[in-house]
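Visitor: Here it is, the structure in full.
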Amino acid sequence: MKTKLILLYGGKSAEHEVSLQTAFSVINALDLEKFEAEPIYITNEGEWVQGPLLTGKLDFVEQLRFSATNTVKLAATESEKSEGEAISPAVLEADDQETVVFPLLHGPNGEDGTVQGLFEVLNIPYVGNGVLASSAAMDKIVMKKIFADAGIPQVPAVAVRLIDWKNYQEEMVSEMEEVLTYPVFVKPANLGSSVGISKATNKKELEDAMTEAFLYDRRVVVEQGVVAREIEMGVLGNDTPVCSVPGEILPEGAVATFYDYKAKYQDNNTALIIPTEVDPEILEQMKEYAVQAFLGLDASGLVRADFFLTDDNQLFLNEVNTMPGFTPYSMYPLLWQETGLPYSALIERLVDLAKERHAAKNALKYKLED
C-alpha cells in the first residue's frame, strides 16, 4: 500500500512564497509509485484548503495556490486559479492508510512548533522537528541560550524587547555600543529566511534597523558582525544524527552585503560552493558542534547548521534552521546531494525518519499500571 503523504504549505507568514517554492519542488520530486500525494494549502489569511490528489508533475507554482470553492481542480494555465475545498485541520487524523504529514512551512505558524503541536495532538507522524526543537530554534534568543549552555561558541549579541526600546531607546543604544562594535546585524527573534534582518554600520542605521525588525517581532537580537566565511552543514537523523559535507555561501559583488532574503531566493549571483575546503581539524569541530546543537535542541529529521569561520580559524555557530530552504537548488538538499543522497532519496529518508520517531513515541507508556 502506498504511503499517503499530506503536503502542507503556504501559511500565515512572511515566508509564504518561499513555502510555495518548496512545495512545488518536493511534489515534483515525489515517486508517485510509492506515495499518494495530497496537497493542503494554507492561505495568507490562515484558511486551510485541500486540493486534489496529485497524479503527476506540476507545471507551475501557481497551481498550488488554491482558492476555496465547491470544486476541486488544478489550474491548467497560469491565468486560471486552482480550486480546492476549505477544511478543518482535524481532517489530518490518520485513517487505515499509512499517513505522514510533510509540513513544508517556513517561519512563524509553520516551523515554530505551533503546527507541530497539532500533529502531536492528532497523533499523526510528521516530517521534521518536534514542538520543542522547532520552537526553541525559531527563537534566536532562546536558541543562543541553549547553545551557550552546551559550550558552543557564538558571536556576542544583545537581546532587546520592544517595550524597552520604546521606553529606553538611548540607554539601549548605549548598552549595545558598549558590548558590540559596528557593523552589527539586527534580527527579529522569531523569523527565518533573513526576513527583517538589516546590517548597521552606525547609530542611525542601527536605529533604522531596529525599527524595521520590530515590524516583524516584539523581541529583537543584535549580533556582532564578523568578517568570516559563511559555512553550512546539514544534519540528518533522529537519535544518531549524521552530518553532510560542508558548503559555503559567496554573495557576489554589491548585490548582497550579507546572505539576505533576496540573495537566498531571488539572486542568481549568489554562489554556493559544495563541498568547500575546510581544515580537517576545523571540519571535525564543526561536525561536533552541529551534532551538539541538534541533540541539545532534541531535534529530529533535519537541521541545517550555519557557521562563521574567520581568517584566524575562529569558529562560531550562527544558528540552526529546523526547516531550511528545500528546493533542489537550496543549500540543504545540495549538501546531501554532494554527500551521496539525491533529492528524491532525501525526501524518502525524511519520511522514514518521521515514521521511526512516531513509532518510538507510541511505544512509550502513557498510563500508570494499577
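Keep in mind that glycine also has a Cβ here, set from the backbone N, Cα and C atoms.
When I checked Swiss-Prot for this same protein, it listed these features:
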BINDING   177-232  ATP binding site
BINDING   Asp306, Glu319  Mg(2+) 1 binding site
BINDING   Glu319, Asn321  Mg(2+) 2 binding site
DOMAIN    144-352  domain 'ATP-grasp'
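Looking at the shown structure, what environment does each listed feature sit in?
Guide: The Cβ of Glu205 (ATP binding site) lies under 8 Å from the Cβ of Ser198, Lys199, each of which sits 6+ residues away along the same chain.
When secondary structure is read from DSSP and collapsed to three states, Asp306 (Mg(2+) 1 binding site) falls in the strand class. Taking a C-beta cut-off of under 8 Å and a sequence gap of six or more, Asp306 (Mg(2+) 1 binding site) has these contacts in its own chain: Glu230, Ile231, Glu232, Leu317, Asn318, Glu319, Val320, Asn321.
DSSP assigns Glu319 (Mg(2+) 1 binding site) to a strand. The Cβ neighbour count for Glu319 (Mg(2+) 1 binding site), using a 10 Å radius over every protein chain in view, is 18.
Mean model confidence for the domain 'ATP-grasp' (144-352) is a pLDDT of 91.
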Visitor: Which one of these binding-site residues, Val184, Val226, has the sparsest Cβ neighbourhood, judged by other Cβ atoms within 10 angstroms?
Guide: Val226
